[in-house]
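Structure, as structure tokens:
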Amino acid sequence: MYSSSSIEGNLYGFSEQEPQRAPIGVFDSGVGGLTVLRQIYRQLPNESVIYFGDTARLPYGIRSQAEILTFVRDILDWMQQQHVKMVVMACNTSSALALDIVREEYDFPILGVILPGAKAAVQQGKRIGVISTPATAKSNAYRQAIWEIDPNVEVWQVGCPEFVPLIEQNRIQDPYTTEVARAYLEPLIQQDIDTLVYGCTHYPLLAPVLRSLLPPQVKIIDPAVHVVTACTQELDILGLSNTHPPLPTRFAVSGCPQQFSQSGVNWLGYTPLVEAVDFTGIPVSQLQQDLA
């Protein structure tokens, strides 16, 4: 089904009698999930992590549910071969379109970012704006999650198709990115929102741009913070928290390792060593061809 440039299997050297030492798997379509990884470093410093970026098939936000399910199953099958103890879908589109389905198909816990983000948003405001990929917006996942908690909250959603490509192309400082952000935020500002949710894990990377365009009283919710808090609670409940020193984070991508490494250094503070995983026959996205 796939091949890797590294040896498959239990690279972390833990025994089956020590499940606490197994790594947490984290995946996203690209570098956006690094915002979740940074939170793991802060909140769960003893945990080892395997990070996967499906860069050959990004952006996910314009894909159908059937495509997303195929991609997610590919990744989870690979994660299972790496003997992870838990997986975090550091991708709102996957969380919206695939989480409930694949949770029933694997024997390790799988956490998504939407419910933790929705809970945090409801605690902060009553007029909530959500910026996300078009697929997440179309799914209404955030609105439904928020209304299940508090049906009296007003929710507005805006799909932002240009954000992920701009971030993956490292164009955050580009004036064009600011103008795109202004256009996406304007309808939410007109609705006098009091809270904004980053409905895509890429979007915290745009924080300086977005904050400069929002009224100062608008609170910003980063679901990455809250999904890792949920991970902490889940690990404690399952008795899977690691008390040993962590091993170095392992990075893998389906696209170009060098491109991911160059982008990742901006958010990690170090240059990650990245391996390539080839899911046989996957169609490489036009964006990935442009980045190559």
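Even glycines carry a Cβ here, placed using N, Cα and C.
In the three-state DSSP scheme, C91 (active site, proton donor/acceptor) falls into the coil class. Per Swiss-Prot, active site, proton donor/acceptor is recorded for C91 (among others), and the stated evidence type is sequence analysis.
With a 10 A radius on its CB, C200 (active site, proton donor/acceptor) counts 33 other CB atoms from all the protein chains. A coil conformation is recorded for C200 (active site, proton donor/acceptor) in the three-state DSSP classification, outside any helix or strand. Here Swiss-Prot flags C200 (among others) as active site, proton donor/acceptor, drawing on sequence analysis.
All protein chains shown were included, and the count of other CB atoms within 10 Å of the CB of G61 (substrate binding site) stands at 27. Under the heading substrate binding site, Swiss-Prot lists D28, S29, Y60, G61, N92, T93, T201, H202.
A C-beta separation below 8 Å, combined with a sequence spacing of at least six in one chain, links S29 (substrate binding site) to G53, D54, T55, R57, L58, P59, Y60, C91, T93, V164. D28 (substrate binding site) carries a strand DSSP state (E or B). In the three-state DSSP classification, G61 (substrate binding site) falls within a helix.
Excluding the listed site residues D28, S29, Y60, G61, N92, T93, T201, H202, the same chain places G30, G32, G33, L58, P59, A90, C91, S94, T133, T136, V164, C200 with Cβ atoms within 8 Å of the centre of the substrate site Cβ atoms. For H202 (substrate binding site), the number of other Cβ atoms no farther than 10 Å from its own Cβ, over all displayed protein chains, is 29.
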